[in-house]
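This structure is in structure tokens; I'll ask about it shortly.
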Amino acid sequence: MSESVQAFTDGACKGNPGPGGWGVLLRWGAAEKELCGGERETTNNRMELMAVIVALESLQGPTRIEITTDSQYVKRGVGEWMSNWKRNGWRTANRQPVKNRDLWERLDAALGGHEVLWRWVRGHTGHPENERADRLANQGVPGSGGRNASGRP
């Protein structure tokens, strides 16, 4: 297992659906990397998922990672719902197809090999790294005039 990484993730959407962005702040040791991107037509939940997926997919090999999100959807999806969805053929307890299944499956695959600790913070309450992830997510919204950054720790 490589060095421990911290990831702070957020999603943003201008309208729901509408143009949206995701932002990730990665920190390992004294180094940091900012990532952001977006889509022209999406939802806030898809952007929250994309932020976590990009954080995990940017890792080089099995890693111990602490992921901080302000998304109850992501937190509850990973911690409470996903194992049942998989067991039920990606259907909810009400037998309805899981929304955003493509991204949940991608997240499930991205989790493989990593030791993940999940943390939830309330959004927009002054948590410095969460606020940075929020700014990155807003920069990632197409048409926002922000920059898109990429890189791998």
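Backbone N, Cα and C atoms are what each Cβ position is placed from, and that goes for glycine too.
Pasting the feature list from TrEMBL:
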DOMAIN    1-142  domain 'RNase H type-1'
BINDING   Asp10, Asp134  Mg(2+) 2 binding site
BINDING   Asp10, Glu48, Asp70  Mg(2+) 1 binding site
REGION    127-153  region 'Disordered'
COMPBIAS  142-153  compositional bias 'Gly residues'
Taking the center of the Cβ atoms of Asp10, Glu48, Asp70 at the recorded Mg(2+) 1 site, which other residues in this chain have a Cβ no more than 8 Å from that point?
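Counting only non-site residues, the set is Thr9, Gly11, Met47, Ala51, Thr69, Ser71, Val74, Gly123, Asn130, Ala133, Asp134, Ala137.
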Over the span of the domain 'RNase H type-1' (1-142), how high is the average pLDDT in this prediction?
96
Identify, in sequence order, the residues in the chain of Glu48 (Mg(2+) 1 binding site) that are 6 or more apart from it along the sequence and have a CB within less than 8 Å of its CB; answer 'none' if there are none.
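The answer is Thr9, Asp10, Gly11, Trp22, Thr69, Ser71, Tyr73, Val74.
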Once near-sequence residues are set aside, which residues in the chain of Asp70 (Mg(2+) 1 binding site), 6 or more away, have Cβ atoms under 8 Å from its Cβ?
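In sequence order, Asp10, Trp120, Val121, Arg122, Gly123, His124, His127, Asn130 meet the Cβ cut-off.
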These are the binding-site residues: Asp10, Asp134. Which one scores highest on other Cβ atoms within 10 Å?
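Of the binding-site residues Asp10, Asp134, the highest Cβ count within 10 Å belongs to Asp10.
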For the domain 'RNase H type-1' (1-142), what does DSSP give as the number of helix, strand and coil residues?
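Helix, strand, coil within the domain 'RNase H type-1' (1-142): 54 helix, 50 strand, 38 coil.
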